[in-house]
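Copied over from Swiss-Prot:
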type    : residues           : note
BINDING : 60                 : thiamine diphosphate binding site
BINDING : 113, 161, 162, 166 : K(+) binding site
């Protein structure tokens with residue numbers, strides 16, 4: 001075990017998979033000589049060369065399309081979006097080709113492609129660089145969505161994503177790259193469709209993912225001091241959801257709070273709330289509560305940015321409302 005930053009764990013995952021499979025190739029802006037904006041691809045250009053680590057023009061629609069075409073011919077392509085907000089420029093390729101080609105070709109083609117990069121609300125990156133695209137991509141048929149949250153699961157999940165035959169949107173939060181934790185030095189993979197029980201509890205199920213995992217953990221420390229016993233589940237797989245793990249927790253606690261950084265309208269919490277009501281209605285003491293960001297562009301101002309997303313105090317207040325029947 002070695003203590004590593006999350007960006008280093010991602011770098012290790014890519015390096016190991018490129019060494020394991022010579023069909024793995026990287027595409028993206030400044031991923032070669034520069035090593036990527038957040039150094040996830042550092043040293044890979046020198047090790048594997050320009051034919052496998054490809055610096056692209058600033059043309060997201062074109063290089064995502066090229067990566068899809070390469071995947072159709074047998075390569076495994078890992079595409080970095082310098083910022084996930086820019087990937088919106090490739091939405092046609094992602095929706096019409098990356099997600100659906102396997103089905104529309106009758107299974108003739110597999111599209112082994114991982115679309116990864118920084119997203120989420122950062123420190124004063126402005127509205128255009130604070131996009132949360134998991135909501136947009138929820139409706140794309142054939143596309144899996146995975147959100148890493150620790151150095152350990154970042155490495156194991158990315159390795160699994162690269163080995164998958166399916167197209168995967170791999171979400172990395174911009175504020176988690178410098179998170180440090182122990183990472184095994186050996187080769188390991190983690191299941192892409194399995195949630196993680198971060199803390200076991202009996203009073204309420206709190207479902208969350210990515211950066212909000214840490215806001216929830218901080219809130220639960222306060223709640224435990226007040227005598228509450230919440231269960232925390234990191235969803236990890238945002239499409240499909242690990243409905244088995246979620247369901248077992250709900251059948252134990254009978255109460256649910258969903259915490260996300262995304263906006264509620266069209267957000268992850270809306271979809272998950274519907275699934276919970278459809279599958280576990282009789283197990284609930286009250287309706288699942290969704291705690292999401294307001295439907296506004298992310299402000300550049302630091303203080304305004306802070307109030308534009310869910311804070312620890314909001315989580316504490318929501319849990320107490322649910323557990324005291326004051327919803």
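From the backbone N, Cα and C atoms, a Cβ is placed for every residue, glycine too.
A sphere of 10 angstroms centred on the C-beta of residue 113 (K(+) binding site) encloses 29 other C-beta atoms. In three-state terms derived from DSSP, residue 113 (K(+) binding site) belongs to an extended strand segment. It is 161 that, of the binding-site residues 161, 162, has its Cβ surrounded by the most other Cβ atoms within 10 Å.
The Cβ neighbour count for residue 166 (K(+) binding site), using a 10 Å radius and every protein chain shown, is 16. Cα of residue 162 (K(+) binding site) to Cα of residue 60 (thiamine diphosphate binding site): a span of 20 Å. Other residues of the chain with a Cβ within 8 Å of the Cβ centroid of 113, 161, 162, 166, the K(+) site, are 76, 78, 112, 114, 144, 163, 164, 165, 167, 168, 170.
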